[in-house]
C-alpha cells in the first residue's frame, strides 16, 4: 500500500495524506456477505455514555468475516478480490471456494488476486493458509490466532499485525505477541500464515478534525478545560494544576487499564513491560 500526500492547497490538506488503495481490486462488496450496522453513539440500552469520543460518522455496512475457517478443511479457494473494509484497518480478501461458497478473510501481506489458499492440518506453509499451531513450524510469522480451539481468531487482526511462533512445549505453543508479550496458547488453536497487510496504514496523517468525524470519532476534551460539574480537574480561576493525580471523569486514577487476575494471565510467560509495577 502506498501513501499519497496532498499538496498544501488548504490548511486542512497541508498535513494530510491518504491511501492510494493500489491493492484494492474491487470497490463494490459482495452483497450476500453484508449485514446492516446500526450506530450506538457510544451509548448503552439506557442511553448512558459507556464509551466516550464516539458518534456520527459515515454510514457503514458490516462485512461478515470468516475468523474460524475450520469447516472448509481441504477445500481450495481462489482469491477473487482484495477489498476495502470501513470497519477495520486491514483490507479483506473475497474467497471463492471450489464448492461454490464465498467468504471474506483478513487479507495478509502479499496475497494477490488469483492466488489459491487452503485451510486444514495438511495445508502448505504459505501466506493465507490456515492451520492448527501444531502443524506450523517454529519461527513462522502468523496472524489471526485463536485463544481457544474453535473460538475464532482473536489476536493479530489489525493492519500490519503479526505474531511469531517461538516454539512448542507439550500441549502449548509459545507466541511472541505484537506487544512483545510472550504467552502460551493451546496447540490445537488455529492461525493463518503471514502478517496482516495494509501495514502503511499507521503512516496516514488525517490532517483535520473533520476527517476524524467522518470516521465516527468525536473530540477528546481535556478535563482541565471543563467545568467542575463535568470533571474532577475542571474549574479554577485561570489555569490550575488540579492539585491531584490525573483521574478519569469518574475519579479513577489514570493508567492500569488491564484487569488483574484474569484467568488467562496464567498463560503469560513474560509480560509486555516486565519491570513495570502492576
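Glycine too: its Cβ is placed from the backbone N, Cα and C atoms.
Quick caveat, the model's predicted, so the values are computed rather than measured.
Swiss-Prot lists 16-27 with the feature compositional bias 'Polar residues'. Tertiary proximity for the compositional bias 'Polar residues' (16-27) is limited to same-chain residues at least six positions away from its ends with a CB under 8 Å from its CB atoms, namely 1-6, 81-84, 91, 94, 107, 113, 197-198, 200-201, 203-208, 211.
Mapped onto DSSP classes, the compositional bias 'Basic residues' (45-59) shows 0 helix, 2 strand, 13 coil. Swiss-Prot lists 45-59 (among others) with the feature compositional bias 'Basic residues'.
Annotated compositional bias 'Basic residues' per Swiss-Prot: 269-278 (among others), in sequence order.
What Swiss-Prot lists as region 'Disordered' is 1-59 (among others).
Annotation source Swiss-Prot lists region 'Disordered' at 222-278 (among others).
Note on the region 'Disordered' (222-278): DSSP counts are 8 helix, 5 strand, 44 coil.
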